[in-house]
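Chemist: Please read through the structure below; I'll follow up with questions.
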Amino acid sequence: MESAAGGGGGGFRASEHQHSRYNPLRDEWVLVSAHRVKRPWQGQLEKPPPEDVPRWDPKNPLCPGATRANGEVNPNYEGTFVFPNDFPALQPDAPEPDDSGHPLFRAAAARGVCKVMCFHPHSDLTLPLMSLMEIRAVIDAWAELEAELGASYPWVQIFENKGAMMGCSNPHPHCQVWASSFLPNEARLEERTQRQHHSQHGVPMLLEYAEQEAQRKERLVVENEDWLVVVPYWATWPFQTLLLPRRHVLRLRDLCDSERDSLASIMRRLLIKYDNLFQVSFPYSMGWHGAPTGPHLQEDCGHWQLHAHYYPPLLRSATVRKFMVGYEMLAQAQRDLTPEQAAERLRALPEVHYKLRPQETVCDAAQA
């Protein structure tokens, strides 16, 4: 495991000595300072998420039968439910901005649509507590939305902000889908780096990366016949993970039935481990990245590989989070524990949710 950062000689140990790691997907470096995790914490403590969320609340605008801010009443849905965002960041009919007349003051048109998708009618459930069939329905809805909006828009961003710590204002299980008339910054960056790697090496970057991680195993968290989840070698957030297919896949819509079933399984296994880490509903921001859509559907996008990013902020406990400030904002990203240490901790966790285990087992795990 200590070979993770390469053989530098001189008694170097990745878990003891600071070093930098390169992220080829973002073309940037991250500083790894594993020794810093030993320092005492006297900073901000977060408030754990509430455990007493009501199953149904008539005042919650995401619940079945509830009235939303625009006066519309939700149907009494029993599965997933998709509706236009009542406060969209993108609208389809925005006018063109005026030309400023100077290259330092550039503006461009930004059009699109924003949708909200509820995963389940019950507010007290999250994905790790849903059934495989229910998670599969979410995956199918994601693929349908990607295909529908991607027929005309070049980028469809599916993302979930889970927990108040990640800015989620409503505990009801849901995600957002924003389709834009432009490639956002992250998409343009991954487009460039994946195209460059494919041009130089003749293989999709993340397909090659998945094969390497499957062999090395030191950063592997969970795997099955179609998917694997790793804490990436270049991870920035403490327990960040990358969800990758084993075969070459461009977009969610390209997944076959068996791959969607196995995706539901591996997502639940990962998210159960996340919740079990600190025995809390684990906050994160996650999202899918796949090949661009719209006009790009007619192009060769073989350098792309479908993948999902999970970015959780928690570091030491349910109340201590990682802050991206100071050096991270002004110089480069920095992390404390190594990706190998994070993967080992996640890998060792049980795959039965702490809420579903006998109480004495949960107490024993908390004391371990």
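Note that Cβ sites are derived from N, Cα and C of the backbone, with glycine treated the same way.
TrEMBL annotations: computationally assigned, not manually curated.
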Chemist: Among the residue ranges 1-20, 41-60, I'd like the one that TrEMBL describes as region 'Disordered'.
Modeler: 1-20
Chemist: Over the span of the domain 'Galactose-1-phosphate uridyl transferase C-terminal' (191-356), how high is the average pLDDT in this prediction?
Modeler: 95
Chemist: What Cα-Cα separation, expressed in whole Å, is found between H289 (Fe cation binding site) and H174 (active site, tele-UMP-histidine intermediate)?
Modeler: 18
Chemist: Rounded to a whole number, how many Å is the Cα of H307 (Fe cation binding site) away from the Cα of E328 (UDP-alpha-D-glucose binding site)?
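Modeler: Between the alpha carbons of H307 (Fe cation binding site) and E328 (UDP-alpha-D-glucose binding site) there are 25 Å.
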Chemist: Quick check: with E190, H289, H307, H309 left out, which same-chain residues have Cβ atoms within 8 Å of the centroid of the Fe cation site Cβ atoms?
Modeler: L25, E186, L206, L242, G287, W288, G290, A308
Chemist: C168 (UDP-alpha-D-glucose binding site): which of the recorded positions H174, E190, H309 is the nearest Cα neighbour?
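Modeler: In terms of Cα distance, C168 (UDP-alpha-D-glucose binding site) lies closest to H174.
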Chemist: Cα-Cα, whole number of Å: H309 (Fe cation binding site) versus D86 (UDP-alpha-D-glucose binding site)?
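Modeler: Just about 26 Å between their Cα atoms.
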Chemist: Between the Cα atoms of K322 (UDP-alpha-D-glucose binding site) and H174 (active site, tele-UMP-histidine intermediate), find the distance and write it as a whole number of Å.
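Modeler: K322 (UDP-alpha-D-glucose binding site) and H174 (active site, tele-UMP-histidine intermediate) have their Cα atoms 24 Å apart.
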